Amino acid sequence: MNETEKSTHFGYQTVPTDQKTDKVKHVFESVAAKYDLMNDLMSLGIHRWWKDFAITQCRLRTGQRILDLAGGTGDLAKRISPLVGDEGEVVIADINAAMLNVGRRRLLDQGIFRNIQFIQADAEKLPFPNNFFDRIVIGFGLRNVTNQLAALQSMHRVIKPGGFVVILEFSKPTLAPLKAVYDAYSFQLLPRLGKLVAKDEESYRYLVESIRMHPDQEALLSKMTDAGFEDCDYHNLSGGIVAVHRGYKF
């Protein structure tokens, strides 16, 4: 669907474009407290390996300024923080205050605060100067953005020349047998887990549907190119259930 149209998708529903942001906001307000626990249950803990792999693709160095976009609960930021050191900076930006509050408490409890900032921000209109960050990483957040092209263009604007973006996101399984098992697991088990653990079946049904509506590997690659990124590539993880995309700004 063209992102400039007056309607867009919210999971499998078609909704007015100006309503999607609020609907997604309500989902993440509902799931914030149990979000990381549910990630463990939904992925059988494999999300930790996916995130570790994404961070290795960032090639981080001491002193760099990193944007962890849609970084809410701080699960990527806690991996990034020691790699850039006290001379560096990690900015966690998320549109959802509830997710940021969870992340702030969690990182403080773990003693991770010296090089961390939390900012509530819209990915489509990032409130940072041009050429500001050495790297941008966004984990499992892009599919929830209403206008993904606008968000990618905003990322391109604020990243420094020579820097790059790393996008960790659910994608499309590349093996037919895996797809059948994955569909059954996603649509039958995950909403039930959401109901049991987070007391919210509908929000987790949306999260499953949002994965299916997200562009596949090649379509996202094309969208990154349209936003101005160059030398874009991707790695499939777990048979394409997840992909890590990377694009440079020169």
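Placement of Cβ uses the backbone N, Cα and C atoms for every residue, glycine included.
As written in Swiss-Prot, here are the features:
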type	residues	note
BINDING	THR73, ASP94, ASP122, ALA123	S-adenosyl-L-methionine binding site
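Sequence-distant contacts (6 or more apart, same chain, Cβ under 8 Å) of ALA123 (S-adenosyl-L-methionine binding site) comprise LEU69, ALA70, ALA93, ILE95, ILE138, GLY141, LEU142, VAL145, ALA151, SER154, MET155. Of all the binding-site residues listed here (ASP94, ASP122), it is ASP122 whose C-beta has the fewest other C-beta atoms within 10 angstroms.
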